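A quick write-up on the structure given underneath.
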Amino acid sequence: MEEALENFTVSDDLISYTVHLEDSVRPSSTSFLILKHFLRFTCLFVVIVCPWANFKLIQLFKSHLFYKNSSLKWYIIHKAVFDTVYMLISIPIIGLLTFNIDVIHKNLFTCKFITYLHYLADDLITMMLTLACVDRMLRITCNLRIQTRFSLIICIVVTCLFAISNIHHIIRLQHDHGFCHKTYIGIWDYDYDIYYSLVYTSISWFIMFVSSLNLTVSVYCDRVRRAKLNQSKQQNQQIQVAKGKPRNGHSYAMDSDRLELIHSTDEWEDSTSITIEPNHVGTNRPAEEEQQDNAELQLTVGVLITSAIFLLCNLPNFIIFLMRFVFLSSFSAIGSTFIHIALFPLLIAHTVSYFIFNHLLARCFRNNF
């Protein structure tokens, strides 16, 4: 079965681990049986919740008054689509493998098609989240206002490039005697896919980590600046209330003669004046821009939380990948149980985005939502 394990990128792969588990560990203990049944229940739950949650996330970014005008919109929408594709491919395979049913090696079509879509969706999820982090850094840190059309073009170009670059999986995969295997392309003692996974994962995760640190500092500085600005406004209002309403920068006290003159003048002006309706678009524009900036800050916090969950949930599987293929380590029953456990956060990572942007941000920004 070692050749079958080379069919998938190991850093983020759900399938290769499960294939390995079926050979290395048999359900001989009660704890392992409980873990396997819990994995089946989790797969059933996620395969229902994940498409619904990502569909609601797409609706949120298309209908929200300020979210739909953000350059982040298309990155999140594309990530939601690829999250759904990734889960709809991976979860049925994992669930069937717990019943010792292998779909990948069924025929040539499943061998090539499932592997290609699995790789493509996996790479694009990471890339869209990386682009989202870069977009937030440009918007919050550099104060660059990027149009939504530009972000849509970036998403389309990136998707096409990865769709083309992953064609080598279809070319290399072969199905012989009921077994799906890939033509070996070696670099020193390792397969090309291992190097690709290491380099791609390391670079994308590094960009996400650095961007998240930068955004965390920027968001903190922005909140400190807003707090000081609100405090200064409150102090100015208190000073104005204490001194009376200023006129031309000077406060004054009303006497009875001046009040009578003002009342008579106001009555004459009201009878001869022409009322001009104010331009609501011009007066509301600064308020709308301020609300859009508040929404951009909310989205930045959402991206920070999403990227942190993504990195934490994928880290155990990346460690397993390093141990298995770089250090050529084999797993005992305890290690294989840990591989099973590492699948649970990986399943959750592709489902929580809607709950972060719609529910968690509503609790964090009650006044702005």
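Cβ atoms here come from the backbone N, Cα and C positions, even for glycine.
Annotated features in TrEMBL:
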type     : residues : note
TRANSMEM : 37-55    : transmembrane segment
DOMAIN   : 53-357   : domain 'G-protein coupled receptors family 1 profile'
TRANSMEM : 76-99    : transmembrane segment
TRANSMEM : 150-171  : transmembrane segment
TRANSMEM : 198-221  : transmembrane segment
TRANSMEM : 301-327  : transmembrane segment
TRANSMEM : 333-357  : transmembrane segment
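Contact between the transmembrane segment (333-357) and the transmembrane segment (150-171) is not supported: fewer than 3 Cβ pairs lie under 8 Å, counting only residues 6 or more apart in sequence. Sequence-distant contacts of the transmembrane segment (198-221), counting only residues of its own chain at least 6 positions beyond either end whose CB sits under 8 Å from a CB of the stretch, comprise 11-12, 123, 126-127, 129-130, 133-134, 136-137, 140-141, 297, 300-301, 303-304, 307-308, 310-311, 318, 326. This prediction places the mean pLDDT of the domain 'G-protein coupled receptors family 1 profile' (53-357) at 78.
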